[in-house]
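One structure is given below, encoded as structure tokens.
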């Protein structure tokens, strides 16, 4: 990653997100701390269950394992610093720390977007082509899709971070956010950023809209197949599908509000509330929706904890 432009005269940023709330910052600290611990416990539990349950050593649960790992890292990049700033009068962050946070935040965020699209395709094959599932989604393809998601996500993050680091910052240094995100940092640049903003907008479309459309296509076929199943199993699958789509719409919808709009309408106070949705809420919901509601995961969790597991009588 290149350093900031040599003409930069600002040596640090001040993150002013939530500063106007005064004494309510202590309450926010408690709320975010509890949410963060819940996210960590849920995701670490999922990773441990998948790791120590040989029955879950399949591509589908491999995707869930990596998503849980990525979600844990994703929140680790943002929330610990936010917790410190909520209790401190000093809310500064150096250029290098800001660039590092931006890079890893974008890297894990992009990886998550791509992984969820991969998981949508995995569900499409499992439900629409069950007899061919193991032939299509084998372990080799699973590893390739995971590697491709991570490599693509961090490559996009590297390009985006370098584009922002090349901008000139020579005046205001108050970032109207609780972490270093693209829009509020770009707003502080004192040179024309139109061309670079266009490039960043193109990257945002690539990592948000393309996976979102692929997910909609996958789940369109899934819903069509499920509706043809006239049983309780079909209704249960439909409810599961609906819960997945709800989280998808919340995640990609909020991300679109922030990243797919003109600069003139960016970096407002409302953005901080929207950002909480995809930096805290969806990482909290994903383990519940994709894993902890899954029967096989719950059964494996009981076995890991040494709890009795009900078995069907023949």
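In case you wondered, yes, glycine gets a Cβ from its N, Cα and C as well.
As annotated by Swiss-Prot, topological domain 'Extracellular' applies to 1-26 (among others), with the evidence given as sequence analysis.
If you look up Swiss-Prot, you'll see 5 marked as N-linked glycosylation site.
What Swiss-Prot lists as transmembrane segment is 27-47 (among others).
When the topological domain 'Cytoplasmic' (48-55) is classified with DSSP, helix, strand and coil residues number 7 helix, 0 strand, 1 coil. The topological domain 'Cytoplasmic' annotation in Swiss-Prot covers 48-55 (among others), and the record cites sequence analysis as its basis.
Residues or ranges marked as transmembrane segment by Swiss-Prot: 56-76 (among others).
Swiss-Prot lists 77-100 (among others) with the feature topological domain 'Extracellular', giving sequence analysis as the kind of evidence. Panel annotation: around the topological domain 'Extracellular' (77-100), residues 1, 3-4, 8, 10-19, 25-26, 28-29, 32-33, 35-36, 108, 161, 164-165, 175, 178-180, 185, 279-280 of the same chain, lying at least six beyond its termini, place a Cβ under 8 Å from a Cβ of the stretch.
Sequence-distant neighbours of residue 98 (disulfide bond) (same chain, six or more apart, CB under 8 Å from its CB) are 13, 175, 180, 185, listed in sequence order. The disulfide bond annotation in Swiss-Prot covers 98-190.
The transmembrane segment annotation in Swiss-Prot covers 101-121 (among others) and rests on sequence analysis.
Residues annotated as topological domain 'Cytoplasmic' in Swiss-Prot: 122-140 (among others). For the topological domain 'Cytoplasmic' (122-140), same-chain residues at least 6 beyond its ends with a Cβ under 8 Å from one of its own Cβ atoms are 58-60, 62-63, 218-219, 221-222, 225-226, 237, 241, 244.
Look at Swiss-Prot and you will find 141-161 (among others) tagged as transmembrane segment, backed by sequence analysis.
According to DSSP, the topological domain 'Extracellular' (162-198) comprises 14 helix, 2 strand, 21 coil. Annotated topological domain 'Extracellular' per Swiss-Prot: 162-198 (among others), in sequence order, evidence recorded as sequence analysis.
Per Swiss-Prot, transmembrane segment is recorded for 199-218 (among others).
According to Swiss-Prot, the topological domain 'Cytoplasmic' annotation covers 219-237 (among others), on the basis of sequence analysis. Averaged across the topological domain 'Cytoplasmic' (219-237), pLDDT in this predicted model comes to 80.
For 238-258 (among others), the entry in Swiss-Prot reads transmembrane segment, with the evidence type sequence analysis. Residues 109, 113, 116, 120, 123, 181, 183, 208-209, 211-212, 215, 219, 222-223, 226-227, 266, 271, 274-275, 277-278, 281-282, 285-286, 289-290, 293 of the same chain lie 6+ residues outside the transmembrane segment (238-258) yet bring a C-beta within less than 8 angstroms of a C-beta in it.
As annotated by Swiss-Prot, topological domain 'Extracellular' applies to 259-271 (among others), with the evidence given as sequence analysis.
Summarising the annotation, Swiss-Prot assigns transmembrane segment to 272-292 (among others) and lists sequence analysis as the type of evidence.
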Applying the under-8 angstroms CB criterion, which one of 27-47, 101-121, 141-161, 272-292 scores highest with the transmembrane segment (199-218)?
101-121
